[in-house]
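If you check TrEMBL, you get these features:
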DOMAIN    3-341  domain 'Isopropylmalate dehydrogenase-like'
BINDING   71-84, 271-283  NAD(+) binding site
BINDING   R91, R101, R129, D214  substrate binding site
SITE      Y136  site 'Important for catalysis'
SITE      K182  site 'Important for catalysis'
BINDING   D214, D238, D242  Mg(2+) binding site
Amino acid sequence: MKKICVIKGDGIGPEIIDEALKVLKVVRNDLEFNECLMGGIAIDTVGECLPQATLDCALSSDAVLFGAIGGEKWDNLAREKRPESALLKLRSSLGVFANLRPAKVYNDLLSLSSLKDEIVKDVDLLVVRELTGGIYFSQPRYKNENEACNTMKYTKEEIYRIAKIAFECALKRRKKLCMVDKANVLETSALWRELCSELSKEYPSVELSFMYVDNAAMQLIKNPRQFDVILTENLFGDILSDEASMVVGSIGLLASASIGGKVGLYEPIHGSAPDIAGKFIANPIATILSAALMLRYSLNDEDNALKIENAVARVIKDGYGCADMSFVKHKLNTKEMGDLIAKLCVQ
Ligand code: NAD
């Protein structure tokens, strides 16, 4: 049996995770799901946002499947006590330094994008973002009445390990890797370039290119189809991965994987959507696709990952969608969408 730590969380979290579990149970019968508390519900139930029992379960599992946490009710707590801080702590405890965010456009859903159809058609890219280093974590950092300071620091090891993951991803895709940086200004970027160039010798079939981040922000809007895998550091990746998501359009369709550590963490890119929680209209597709990434990256089960991804593509092609996909022919609620995808997975 493979052990999956399941964190449903707050808001729409339980609704969307239930549908992902439904689909996983259809494709695999050897998964043991252990439900754990985290976020606002954990604060209300046991008094802390990331209970030790949840951390222990996550660290002793084969993967963590996560819904979403947070909500207005807990917004006034001190920063370190808020649900969102639990997620940062979970990520750092798992040691997941690589965040993978696929942005694939469904050609039957081109109008979800704010860009023109001819620009977004066939876009299929993957942003690989460094997640545990750089300016969000480096010292010194401080703020006083006269000045404030943050530091962007990377070690060779930190760059090398994420670059290796990006090369491996490119190898399994269209074999194009674009490293995005600011090497004309930043020493850290210069080191990233040196190490990526060195590593590229081990991956002769992968075409490596470099792009300045300001240009990359423009190119993502102008011609996103040119990208296959984008590799970048933490701050640039934070911004570019959100921009890439918007090329696709709906937030309810986008999955993410955080890997590289002891245990991988899989979650939709959206939050707990308190405005629609409890109505069972949330789109579970992002979470179901996150479950597919979990099978691919943590359980090495490409066949079933593809089975789920193909079922989602088929549902969309046949004109089914949820409330967030305004123009689709057949509107389904959260459970109906999960049922349909699960059914197509076994056909
Ligand atoms: P959000 O992503 O929760 O919602 C933004 C908008 O998108 C809302 O209108 C929502 O209804 C809609 N939406 C989101 N997911 C959807 C889905 N699956 N189907 C249909 N519509 C969907 O962002 P927000 O409103 O800024 O944040 C709400 C709460 O979530 C906050 O407490 C925030 O801190 C938290 N949050 C948590 C995570 C996480 O758990 N990883 C990430 C982001 C935000």
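Here, residue 1 is simply the first one shown, and the rest follow in order.
Quick reminder: no glycine exception, Cβ is built from N, Cα and C everywhere.
Within 8 Å of the centroid of the Cβ atoms of D214, D238, D242, where the record puts Mg(2+), the same chain has further Cβ atoms from V213, A217, L235, F236, G237, I239, L240, S241, E243. Only G71, A273, in sequence order, out of the recorded positions G71, K182, D238, D242, A273, A277 have a CB under 6 Å from ligand 1. Cα spacing between R101 (substrate binding site) and G71 (NAD(+) binding site): 24 Å, rounded to the nearest whole number. Note on proximity: among R91, R129, Y136, K182, D214, the recorded positions of the record, the Cα nearest P83 (NAD(+) binding site) is that of R91. According to its DSSP assignment, P83 (NAD(+) binding site) is helical. A separation of roughly 24 Å, to the nearest angstrom, links the Cα atoms of R129 (substrate binding site) and R79 (NAD(+) binding site).
The most crowded of the binding-site residues listed here (G71, P83) is P83, judged by how many other CB atoms sit within 10 Å of its own CB. A helical conformation is recorded for D242 (Mg(2+) binding site) in the three-state DSSP classification. Of all residue pairs in the substrate-binding list (R91, R101, R129, D214), the one with the greatest Cα separation is 28 Å apart.
Just so you know, the Cβ of A277 (NAD(+) binding site) picks up 18 other Cβ atoms within 10 Å once every protein chain is counted. According to DSSP, R91 (substrate binding site) sits within a helical segment. Taking the C-alpha positions, the distance from D75 (NAD(+) binding site) to K182 (site 'Important for catalysis') comes to 35 Å.
Packing around D238 (Mg(2+) binding site) is summarised by its Cβ count: 18 other Cβ atoms lie within 10 angstroms of its Cβ, all protein chains included.
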